[in-house]
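Trainee: The structure follows.
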């Protein structure tokens, strides 16, 4: 099936779980300490990354969803760093602060891309703190469509069964990334996403595909789960529900560099998709595609909307050129710039394509390696040109432009000027035809500020869409 990216910006998700900060101290090593037989690292780089449940929330935000994050933190510098890190990407913190406990921190000392030692700063959460966290999280249930319980066995999610029941009673789906061998703790959840190791820890060794399905259905019945999605590394994923045949989804990863955080990406994509009304098989397919992207990156990473769109297009055999959406174009432009290609952009109505247009676009293309043509949609053409225009509808105008050898990408826009889309894409060179002053060209200031340039090209004399229309009307 061909899958399009849903409107993730409409997703409202609450993540509840064990939040932590992954901190990295990195630098060169050149000598052994005189105090002990250990290397001395001269730290020249410190990096903080939100981890655990916070990484799940970041994944949802990066996909474009609206997300709040409930977790237990201390009253310390680490909590401040964690808060700053998630707020910068649009995640709303809903902390339960316990002054006497440290915010969980994993400090890694690195040199030459090797981890020399990891220092963990954490204490077990008392059961009453977990209850307090879940009680405060209940207040958010009326605002969301999906809740993710991100369990790293640190104690934030101690006994969530009552919380799950309250969420389900409000029509909120509850997804769980489980930990440990006791799945009864998650009784009543909508969906669990164990990996194969976690699944076998609960049900015992799985002999084959049929055995996996049988044991999964037993768990569904025993603990009142609606579905299980078992992630299986190079074998992809298997979705098991009570009332439908199992669904095996093959992996889409082309190269695997690091599986760190892949589980976070899976449940994040699932949650965001389900929150906007996707059917479960479609949500699983999107999650599988997202996982295939993230395992191709080093370290704990997130997947953006643009990366997911590009991966979906690739799986459908689409070339990435021609008529594209704005998100598709943003990704294609990023890839072109990484290759060192100079991207030129122009815009217009292009209602009746004529020789003057063709000549102009050839000139524009000659100024770089790739050419984007942004096209006014039908409503904006009517506002600009008056009743009776456009003569040709948007899809036809874009199809003709995309067929020209000089044009790489065609993208529509709905405003009267291309100011917004140019400001977002920021080509290397912005081109406009006619007798404009550079300072008056929409988007020109933004392109120049980003290090690009703006150029005005002349149109071929005596050829215009208006003249063609007038000539046709005169002969009728």
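Keep in mind that glycine also has a Cβ here, set from the backbone N, Cα and C atoms.
Since we're looking at a predicted model, the values are computed, not measured.
Pasting the feature list from Swiss-Prot:
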type     : residues           : note
REGION   : 1-319              : region 'Ribokinase'
BINDING  : 195, 196, 197, 198 : ATP binding site
ACT_SITE : 264                : active site
REGION   : 345-476            : region 'Cytidylyltransferase'
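Have a look at these and tell me how they're positioned relative to everything else.
Mentor: Confidence across the region 'Ribokinase' (1-319), taken as the mean pLDDT and rounded to a whole number, stands at 89.
Reduced to three states, the DSSP call for residue 198 (ATP binding site) is helix.
For residue 264 (active site), the number of other Cβ atoms no farther than 10 Å from its own Cβ, over all displayed protein chains, is 29. Secondary structure at residue 264 (active site), taken from DSSP and collapsed to helix, strand or coil, is helix.
Across the region 'Cytidylyltransferase' (345-476), DSSP helix (H, G, I), strand (E, B) and coil residues number 55 helix, 26 strand, 51 coil.
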Trainee: Can you tell me the CA-to-CA distance separating residue 197 (ATP binding site) and residue 264 (active site), as a whole number of Å?
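Mentor: Here the two Cα atoms are 16 Å apart.
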Trainee: How many other Cβ atoms sit within 10 Å of the Cβ of residue 198 (ATP binding site)?
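Mentor: Residue 198 (ATP binding site): 19 neighbouring Cβ atoms within 10 Å.
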Trainee: What are the sequence-distant neighbours of residue 195 (ATP binding site), meaning same chain, six or more residues apart, C-beta distance under 8 angstroms?
Mentor: 230, 231, 232, 233, 263
Trainee: Given the ATP site residues 195, 196, 197, 198, which other residues of that chain have a Cβ within 8 Å of the mean position of their Cβ atoms, reported in sequence order?
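Mentor: Here the nearby residues are 194, 199, 200, 201, 230, 231.
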Trainee: By a simple count of other Cβ atoms within 10 Å, which of 196, 197, the binding-site residues in the record, is least packed?
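Mentor: Ranked by other Cβ atoms within 10 Å, the binding-site residues 196, 197 bottom out at 197.
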